[in-house]
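A short worksheet on the structure shown next.
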Amino acid sequence: MACSATDLAPLLSATVNSTEAATYLCSQFTGISNQLSDTTYAVNNTYLLFSAYLVFAMQLGFAMLCAGSVRAKNTMNIMLTNVLDAAAGGISYYLFGYAFAFGAPSNGFIGRHFFGLNDFPSPDGDYSLFLFQWAFAIAAAGITSGSIAERTQFVAYLIYSSFLTGFVYPVVSHWFWSGDGWGNPAKTSNHLLFGSGAIDFAGSGVVHMVGGIAGLWGALIEGPRIGRFDHNGRSVALRGHSASLVVLGTFMLWFGWYGFNPGSFQMILKSYGGDKAYYGQWTAVGRTAVTTTLAGSTAALTTLFGKRLLSGHWNVIDVCNGLLGGFAAITAGCSVVEPWAAIVCGFVAAWVLIGCNALANKLHYDDPLEAAQLHGGCGMWGLLFTGLFAKETYVNEAYPNKPGRPYGLFMGGGGKLLAAQIIEILVIIGWVSATMGPLFYGLHKLKLLRISSEDEMAGMDMTRHGGFAYAYQDDDDASGKPSIMMKKVDNHANETTPDRKSQAIGV
């Protein structure tokens with residue numbers, strides 16, 4: 001709203017002191033305009049902060065999921081690594097990560113401003129944006145920690161987590177999310193990738209593939225856990241100790257995903273114009289939550305019946321992983337696809353996860369949380385899915401000011417968007433492999449990566465963290481002898497499945 005006393009004065013010429021009257025009226029309009037502008041900023045920043053809180057709550061989900069998926073003797077270790085993913089990631093992202101990711105103006109490869117949040121806030125970002133992006137960065141680090149669980153030295157967690165959140169992940173997020181990034185679809189210049197940029201709205205590639213590929217290299221270089229494969233090369237299930245914690249973690253992650261995907265709009269108070277006053281970005285936010293829900297739900301049900309046909313069991317752990325695979329897949333295109341397409345996304349994601357797990361067993365690859373398969377494989381499918389099913393109307397709403405931009409191949413938009421999505425997949429695999437692979441290999445050569453076989457068999461809680469996560473005797477028990485329950489739990493923590501136990505002895 002703009003008001004000029006010069007314009008109003010002639011209209012008030014019959015009024016005494018018309019200039020003063022016009023000035024007064026304009027000052028009132030200006031005050032109202034400023035209040036509306038302040039309210040818009042406040043609403044959008046509150047929405048972004050609330051979304052950041054939801055994404056951060058996913059750390060609790062990761063912690064519970066990881067704890068339930070490992071054996072009881074390593075619970076303390078995996079919980080501590082989840083805490084330090086957030087803490088170490090907070091410092092490294094503050095010092096370097098945010099600057100590398102969003103430090104504009106910069107080149108297309110890496111940012112170069114706002115180190116340590118210097119000269120912040122700015123027109124390019126406020127503190128709420130930093131918090132939101134930090135929550136995404138530590139999510140990528142949390143994914144990696146699941147792949148290398150139960151056999152990794154604690155110092156290795158600190159090193160890789162700081163490096164991933166402070167450099168590796170920020171560079172990828174700069175490419176596809178920063179205003180200067182070479183693959184960002186929000187750019188309006190002619191220097192877009194295939195005239196489109198790669199649509200990765202909330203990070204199937206930027207977050208999930210980065211974390212999954214990093215975990216893949218860590219697990220490959222470390223090798224499988226002791227007893228995971230027997231002398232004949234057959235797979236031996238080393239089951240986690242608590243399905244209850246897995247389900248709790250899954251629901252916490254589901255809850256947090258409503259900040260992860262809809263929150264990536266970063267603002268809610270925005271009208272799309274037209275003759276529908278009720279239709280705006282708030283509608284797109286709601287639709288994104290719906291597509292997220294449908295993809296995860298479909299993947300969970302598909303996994304339930306798929307695994308029932310393959311194994312003969314109704315397995316809640318498999319269903320939880322399938323659900324999360326659907327979420328990881330829909331994350332890229334959640335804002336630009338129809339709800340019915342999200343069902344297709346979830347259905348295929350479930351089979352991608354099942355197929356990746358079967359391949360991992362054949363290759364003797366050990367990932368206690370199926371993190372590389374789930375986040376890497378399903379994240380890759382999510383990028384391809386977006387290139388196939390992105391709807392023209394929704395693409396132009398999410399990424400405006402570029403008429404005629406490409407959209408989904410199956411929706412009549414040609415193959416340019418799909419080509420851009422494939423490029424994103426390839427560069428993420430290449431970048432993460434070129435950075436995290438040598439890091440894990442260097443840690444391995446320096447004997448800083450894997451714990452000793454003795455510590456692994458005994459469990460890291462006892463050998464590295466001062467005791468078990470669960471206490472089964474009273475503190476005032478003067479005898480100091482472990483209870484029968486403690487002995488049972490300790491034996492269960494070291495056992496494999498009954499039909500394979502005899503084959504795992506001595507491995």
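A Cβ is built for glycine as well, from the same backbone N, Cα and C atoms used for every other residue.
Keep in mind the model is a prediction, meaning the values are calculated, not measured.
What TrEMBL lists as domain 'Ammonium transporter AmtB-like' is 47-470. Residues or ranges marked as transmembrane segment in TrEMBL: 47-70, 91-110, 130-148, 155-177, 197-221, 242-260, 340-360, 372-390, 418-443.
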What residues elsewhere in the chain lie close to the transmembrane segment (155-177), defined as a C-beta under 8 angstroms and at least 6 residues from its ends? 81, 84-85, 88-89, 91-93, 95-102, 106, 108-111, 133, 136-138, 140-141, 144-145, 148, 183-185, 197-198, 200, 203, 205-207, 210-211, 214, 218, 424, 427-428, 431-432, 435-436, 439-440, 443, 448-449
Taking contact to mean three or more C-beta pairs under 8 angstroms, with sequence separation of 6 or more, is the transmembrane segment (130-148) in contact with the transmembrane segment (47-70)? yes
Between 47-70, 91-110, 340-360, 418-443, who has the most Cβ pairs under 8 Å to the transmembrane segment (242-260)? 47-70
Between the transmembrane segment (91-110) and the transmembrane segment (372-390), do 3 or more CB pairs sit under 8 angstroms, pairs being 6 or more residues apart? no
In the same chain, which residue numbers or ranges, 6 or more beyond the ends of the transmembrane segment (91-110), come under 8 angstroms Cβ to Cβ? 116-117, 124-125, 129-130, 133-134, 137-138, 161-163, 165-167, 169-171, 173-175, 177-182, 191
Are the transmembrane segment (418-443) and the transmembrane segment (197-221) close enough to be called in contact, which here means at least 3 C-beta pairs under 8 A that are separated by 6 or more residues? yes
If I take every residue in the domain 'Ammonium transporter AmtB-like' (47-470) and average their pLDDT values, what number comes out? 93
